[in-house]
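Record features, source Swiss-Prot:
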type	residues	note
DOMAIN	103-225	domain 'MPN'
BINDING	HIS174, HIS176, ASP187	Zn(2+) binding site
MOTIF	174-187	motif 'JAMM motif'
Amino acid sequence: MNGIRDVVKEEQPRERLLLEGAGSLSNRELLAVLLRTGSKDETVLKLSDKILHHFDGLRMLKDATLEELVSIHGVGVAKASQLIAAFELGRRMVRLEYQNRYSIRSPEDCARYMMEEMRFLQQEHFVCLYLNTKNQVIHRQTIFIGSLNSSIVHPREVFKEAFRRAAASIICLHNHPSGDPAPSREDIEVTKRLVECGRIIGIEVLDHIIIGDHKFVSLKEKGHI
């Protein structure tokens, strides 16, 4: 016997990870490492397959709720909590790269900063990035969750945080859960209202970015700002 090398089999993804590295594992094997054990009826890899099939792959799984996970036979609160915590850590690690006073020089910079966090959201989220005079992000805040319209997104809520943070300018973003970032009439109306308020109080609204699935639209580039 040669120790750990002799126990590397298909049903032992953790041992494969130790010997070959995490990059060599499939999605089902990585999920099995997080789950640690299967149930009395199935192996951990079979449980991984069932979870991935239930959510049609990683895209939907990463946003799974506790209730959705525990509805799967073999997944209890402990396993569900482990998965939710792992996915949240992954999201935070993606953000970490950009959080150290990330500078925004173009709509592409802004979309890159928020794309992975916003493109899979199941509801519309209206988010503001608050910038200093060097166009560095000093704060961001979700202002509203739900269908965007001018009666709900109130300038008071947008600019209140700008004053608190002594922001020089603002970039607004929201996502389209459909994946299509084409602006609606309401999107344009909200944008024009915020831009006008910004002019009056001296805090410029630089852009309004609509996030789709790996696509975005800048309302400034479209001529609406």
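Every residue, even glycine, has its Cβ placed from backbone N, Cα and C.
All protein chains shown were included, and the count of other CB atoms within 10 Å of the CB of HIS174 (Zn(2+) binding site) stands at 25.
Break the domain 'MPN' (103-225) down by DSSP state and the numbers are 39 helix, 36 strand, 48 coil.
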